[in-house]
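Notes follow once the structure below has been shown.
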Amino acid sequence: MLGEGGFGKVFKGWVDPKTYAASKVGVGIPVAVKKSSPDSEQGLKEWQAEVKFLGKFSHPNLVKLFGYCWEDKQFLLVYEYMQKGSLESHLFRKKGGEPLSWDTRIKIAIGAAKGLVFLHNTEKSVIYRDFKASNVLLDGDFNAKLSDFGLAKFGPVDSNSHVTTDIVGMYGYAAPEYMSTGHLYVKSDVYGFGVVLLEIITGMRVLDSSRQPHQYNLVKWTKPLLPNKNKLRNLMDPRLEHGYPFQAASQVAELIIRCLNPQCKLRPDMEQVLGKVEKISKMEMTPKDLKAQTKHLKDEERRLRKRSSTLPTNHGGIGHTGGGHSQHEYQSY
């Protein structure tokens with residue numbers, strides 16, 4: 001089993017590459033099979049939405065739907081298998097695994113933005129409504145693809161600026177106008193993108209009860225701090241080890257602030273967001289950035305040497321050492 005959610009469980013399987021018929025384990029191409037909970041009314045609605053949207057649209061930055069099945073109250077969806085899992089699993093893993101580099105994080109942001117641009121510019125614009133780190137899946141080369149279209153809605157038609165719908169989705173990622181009124185705009189997705197971009201650069205979850213009470217909501221806590229360069233440095237994911245162009249990080253912070261504008265109409269559209277992130281991706285580290293990175297690595301090396309020199313010597317017994325993280329480190333793992 002690959003995972004489990006509100007819809008049901010997700011399993012790994014294999015199919016024949018030509019016929020898509022089921023094959024033996026390890027033979028053919030791997031797929032992810034989502035199986036709904038048979039008694040879930042919401043599961044049926046989301047299954048229908050997935051078939052409607054992924055069955056109709058195809059794009060390099062949307063997860064490919066190979067097929068679906070509805071039989072004996074069992075609702076199945078068969079997708080391409082994404083080798084690297086979700087963005088969420090890489091940003092917030094407790095320990096182990098290589099942290100995502102700056103370039104990889106920006107690459108993922110670009111891919112996800114391309115997926116949203118495509119959806120927003122279809123003949124009848126599609127509002128994704130559930131943009132969050134767990135729904136951004138990664139292939140073997142860390143190309144990002146949007147998954148889980150169970151909450152997607154067709155956008156407004158004629159002279160309407162929004163659609164009205166039940167309030168569902170993930171608190172923290174959902175735009176304020178949607179949470180307060182149920183009005184859903186194309187730019188409501190832009191707010192969610194801004195939240196995920198904030199998670200990408202800080203390595204922290206949007207909501208985390210293990211942080212101090214005033215830091216529980218990442219957006220409310222950090223948004224006033226992002227324009228301050230010194231405070232921005234302290235908010236950056238420590239696992240990046242200063243390995244990024246700080247000017248690029250500053251521009252990402254500026255973009256996040258624009259995406260998180262409480263007034264929907266003042267947010268940029270996703271085409272503008274994509275263009276900005278693509279420009280940021282071309283920025284390289286300056287000599288000043290490299291100097292800061294070298295200093296950080298030397299300081300870290302000295303800290304580790306000092307720590308190892310203070311550890312008790314094990315004379316045949318069982319040695320035990322305790323370790324801890326700074327507040328930011330604790331929040332980021």
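Quick reminder: no glycine exception, Cβ is built from N, Cα and C everywhere.
The following features are taken from TrEMBL:
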type     : residues   : note
ACT_SITE : D130       : active site, proton acceptor
BINDING  : K35        : ATP binding site
BINDING  : N135, D148 : Mg(2+) binding site
COMPBIAS : 285-303    : compositional bias 'Basic and acidic residues'
COMPBIAS : 316-325    : compositional bias 'Gly residues'
DOMAIN   : 1-280      : domain 'Protein kinase'
REGION   : 285-333    : region 'Disordered'
Need the DSSP three-state call for K35 (ATP binding site) to compare against my parser. strand
From recorded positions D130, N135, D148, the one whose Cα lies nearest the residue listed as 'ATP binding site': D148
Kindly state the mean pLDDT of the domain 'Protein kinase' (1-280) in the predicted structure. 88
Taking a Cβ cut-off under 8 Å, which residues six or more beyond the ends of the compositional bias 'Basic and acidic residues' (285-303) line up next to it in the same chain? 241-247
Taking DSSP states H, G and I as helix and E and B as strand, how many residues of the compositional bias 'Basic and acidic residues' (285-303) are helix, strand and coil? 17 helix, 0 strand, 2 coil
Whole-Å Cα distance, D130 (active site, proton acceptor) to D148 (Mg(2+) binding site), is 8
Once the chains shown are all counted, how many other Cβ atoms turn up within 10 Å of the Cβ of the residue listed as 'ATP binding site'? 18
Across all protein chains shown, the recorded positions D130, D148 give the max Cβ-within-10 Å count at D148
Can you name the residues of this chain that are 6 or more positions from N135 (Mg(2+) binding site) yet have a C-beta less than 8 Å from its C-beta? S86, L146, S147, D148
